[in-house]
Amino acid sequence: MANLRSWIQIWPSFGRFFGILSLLVLDFKITAFADDKGRSSGFAASESTCKNTNYQSFLPPPYQNISNMICKPVWHTYELRYIQNDHTTTIILSAPYTIGWVGIGFSRDNMMVGSSAMVGWINKHGHAKIKQFYLQGKKASEVIADKGEIPLNNMPAAVATSGAEIYLAFQMQPRTPFGKQPILLAYGNKTPKNHHLSKHVDKTAIIFDFSSGYKGSGSNELIQMRKSHGIVGIMGWGLILPVGAIIARYFRHKDPLWFYLHSVIQFVGFGFGLATFLLGLQLYNKMQAHVPAHRGIGIFVFTLSILQVLAFFLRPNKDSKMRKLWNLYHSWVGRLALFFASVNIVLGIQAAGAGSDWGIGYGFLVSIVIVATIILEVLAYLKRSEMRALPPSFPMDPVHEATFPSHLTKGGML
């Protein structure tokens, strides 16, 4: 009853905390930004002159997750999709393809020599290949693989085919966003051997205006929201909730302190999980990003967390026969939720193209949690072994029948 009265007294504080947290999250809106023609948009709208290709179904993350890219026909049936913000320029080039290679180059002076190009092809084994080449000269020997001045970021480039078309996708981090940029388009009809390109069958050079695809303010707002979604999720599911689980497993000898710490920490962690879920919903409504695995696992994990909260209020008494089953359910559902949450964080970092810094940071956090768990598990095992090795606390001698001196008989007298 004392425990119940304590929870009744502190529960209004939890209610106020979650109410304020929900209002803050729901009030976090993505505002639309008008361009120089007064049109309001977060991302630029797609051009209607391009084919309506669902590239999200065959390109890997993060390219499948970038919606509403600007698309413009550039040469024959070549189409260039692009979008850029203050940090990243994403390009997807589509072109007709049967065999050979397709490339897009970037030049300073509209000339082939001295330019750098991204070239994609499908080899004779059916494997997709994409590489950067530096066009040092006009000879085949002067086209150098894995060299060039295209400022690629850490996200791997991708190439895929769909029907009779090939798609080259890559991301760059230029010092300043592109404006009017000379680009080269070319293709060859022979598959590269040992990464040596054959001579092009046809080529062209054009001045392409990337400035209409620059959305600094709107994109930055959306990027900040994605960062908040990631940070809150990592804090809740990567740090706070694992700490609460560690306390419940390894500090039960500090009764009842462990219970209050575990409960408070897990409720705070649930608040972070709720904020992560709401931010994810807003991102999906704004971007319509094609991330079925990340989204599905997120919904599954959030459902498990709700079940854990409900289980807290339905916890049987210690004397109840159901208490043992409840303990098994509560502990294993919690472990399952933490496992899938960690998997989903990795998927989210990959889908967002967040780069190596996020991966390294989360990996460091997970390593700390795992090392701490291993140390505490070893200490707990040693303590249990020590307790089993100790003799009983109150040894008792066996009861024997009373004995009498040999010179006396039972019932005799001195």
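For all residues, glycine too, the Cβ spot is worked out from N, Cα and C.
Features reported for this protein in TrEMBL:
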- 76-188: domain 'DOMON' (DOMAIN)
- 191-385: domain 'Cytochrome b561' (DOMAIN)
- 230-251: transmembrane segment (TRANSMEM)
- 258-284: transmembrane segment (TRANSMEM)
- 296-315: transmembrane segment (TRANSMEM)
- 336-354: transmembrane segment (TRANSMEM)
- 360-382: transmembrane segment (TRANSMEM)
(message) For the domain 'DOMON' (76-188), how many residues does DSSP put in helix, in strand and in coil?
(response) 3 helix, 62 strand, 48 coil
(request) For the transmembrane segment (336-354), find every same-chain residue at least 6 residues outside the stretch whose CB is under 8 Å from a CB in it, and list them. (result) 61-62, 65, 88, 153, 155, 171, 226, 229-230, 233-234, 237-238, 241-242, 245, 289, 291, 293-294, 297-298, 300-301, 304-305, 308, 362, 366
(request) Determine which residues of the chain contact the transmembrane segment (230-251) at the Cβ level, with the cut-off under 8 Å and only residues 6 or more beyond its ends counted. (result) 257-258, 261-262, 265-266, 268-273, 275-276, 279, 301, 331, 334-335, 337-338, 341-342, 344-345, 348-349, 352, 354, 358, 362, 365-366, 369, 372-373, 376-377, 379-380
